[in-house]
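Participant: Below: one structure in structure tokens.
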């Protein structure tokens with residue numbers, strides 16, 4: 001029994017050894033057949049594609065021959081498949097090692113190749129059968145036909161328009177003196193945009209000409225039919241040069257118009273009718289577009305006629321592709337099965353050992369092919385697996401550290417950074433975005449930006465920018481888009497009404513991240529814009545002061561001299577009127593001078609001469625001017641004795657305090673009229689801030705405050721809440737504060753209920769002492 005068993009096992013091995021040369025030859029022969037069949041199929045497919053694409057008539061003529069070739073190719077493929085299946089059965093009967101695995105591999109290749117191929121074939125066949133007709137849509141054809149009609153209508157409209165304008169010009173020429181015909185005709189030519197204009201007599205002679213024809217001895221005369229038509233119908237027009245323009249794109253297309261001048265003829269001595277000939281060129285772009293639409297319509301109709309041949313070509317190609325897929329799946333399974341079998345078994349054993357935790361060196365085949373290299377790579381992989389795990393752990397730690405560093409950087413950026421997903425939902429937002437937009441963006445993470453209160457319009461505009469950027473990124477060139485937005489201080493970004501002003505100006509940039517999310521980066525440039533406006537207003541003020549002030553003195557002197565000369569020479573009533581008028585002129589001139597002086601002072605503010613100055617002493621000195629006899633409202637001074645001397649210009653700071661106190665009095669007066677309440681005191685105070693190492697000067701009133709939308713621009717010229725104010729007071733204060741390197745802040749004062757009860761202006765100055773100055777600079 002043992003002997004029988006051994007002979008049974010060894011017999012296939014001996015048989016396999018004897019058949020090895022024959023199997024190798026047959027394998028090479030099979031590979032040759034495969035390559036030949038594939039080459040033949042490729043040639044047939046290329047032949048079909050070339051003929052169907054370029055010449056439908058040639059394709060239909062050779063269609064029976066192509067069908068026969070396809071049948072032969074299909075027979076060769078079927079024979080090869082049957083031969084491959086017979087080879088697999090023979091290997092199984094001979095009990096060759098790996099035969100069952102080879103059959104399974106062949107079956108797997110067949111399933112992977114045939115099922116997707118059948119699915120693709122079925123879908124493609126249905127698509128070709130039903131959808132080719134849809135490619136040639138009736139609406140497209142109608143649109144092209146409409147385009148051709150539109151082009152013709154446009155040309156006809158151009159002719160009609162040129163005729164109407166020529167007829168109108170002819171009516172104008174009827175009123176022209178015969179001696180000025182040349183000039184009038186040239187004007188008519190320029191008005192009509194014509195290249196030539198000729199006035200013909202009833203006898204066919206040239207009366208006058210303009211344009212290029214005036215340099216010709218005998219301008220080209222319209223045909224006699226044109227004169228007869230113009231005589232009976234009073235106008236004649238024709239479009240010339242269309243054939244030449246179609247053959248040569250640069251050839252001009254002209255509208256020739258001939259109209260009879262006047263109802264009774266041009267009255268130049270004989271009373272006979274005259275005719276105006278105008279040559280108007282048609283715009284080259286209009287002609288080119290018309291020919292382009294016509295050419296596109298012609299090509300579309302030519303291609304629509306070949307759709308039946310296109311359908312046949314696609315169906316035939318799909319059928320051959322299906323055979324090729326089935327054939328390749330089975331044959332490649334048989335050929336590659338042997339090559340894959342041994343390395344795969346070695347790899348399978350190695351995988352089991354690695355799964356069990358055994359990382360010892362594995363068997364590696366010395367073959368020079370890819371599978372042999374795969375076994376060697378697998379052995380090397382098991383050797384490096386432990387170190388790879390350690391490297392991965394270190395990489396993850398480094399990635400976490402880098403991510404934390406990036407997050408820290410984003411949290412400390414002054415600019416706002418917001419990441420949106422493909423649905424416009426907020427993925428992340430740094431604190432800078434919350435500060436600039438004044439909205440709790442972190443609380444709306446996972447929601448759309450439009451859901452954040454008062455940011456709807458801003459979110460819509462930003463998303464439209466992203467969509468436009470995605471539709472045409474080549475137009476941008478920089479890989480991102482940029483746009484400036486103006487928002488209100490309360491976050492509103494709708495258009496203001498009336499005299500409202502914007503409160504916040506930001507510049508936003510958007511880009512697309514590699515994962516498809518949207519990156520939005522924006523920064524607050526309100527101060528930059530305000531500085532630019534202040535600089536522009538300074539230049540305006542300088543020019544106004546120069547242009548307006550010069551004539552004011554002569555006006556005043558002339559009025560006063562007029563009064564002096566006429567006093568005592570007029571009746572008493574008229575003399576009173578004169579005195580009143582002169583007084584009005586002088587008062588208005590004085591007011592204009594004051595206004596001009598304010599503009600001049602703003603534009604030519606001298607550089608500050610910074611010297612150590614006691615701010616408390618300066619305030620006390622100014623308070624003498626605002627005693628009970630001179631001030632409209634009581635002023636209370638609260639001066640901190642701990643304040644250090646500051647570096648300042650006494651004259652300029654005196655002007656700052658005067659402007660602030662005057663504004664406070666005006667605001668308090670207006671509030672008293674509105675509220676019908678008693679006068680509330682104005683408070684001016686100084687304070688030493690040990691945390692900031694600064695001296696603070698504050699002026700507070702009980703006025704009406706400032707509207708929220710004006711707080712960001714209140715220091716700009718001509719921004720004021722006063723009916724007759726110039727808006728230069730706070731602008732001068734801001735300019736002087738900048739000269740002193742001081743920080744200025746303006747805000748509304750509110751009571752416990754949130755109602756505005758006044759305004760507060762604060763200035764922070766550097767101390768004069770060197771040590772404190774150094775500390776302050778370091779602190780800031």
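Quick reminder: no glycine exception, Cβ is built from N, Cα and C everywhere.
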Participant: From the ranges 313-336, 337-360, 361-384, grab the one TrEMBL calls transmembrane segment.
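Facilitator: Comparing 313-336, 337-360, 361-384 with TrEMBL, transmembrane segment matches 313-336.
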Participant: Determine how many residues of the domain 'PAS' (402-437) DSSP places in helix, in strand and in coil.
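Facilitator: Taking the domain 'PAS' (402-437) as a whole: 17 helix, 10 strand, 9 coil.
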Participant: Over the span of the domain 'Histidine kinase' (543-765), how high is the average pLDDT in this prediction?
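Facilitator: Its mean pLDDT is 80.
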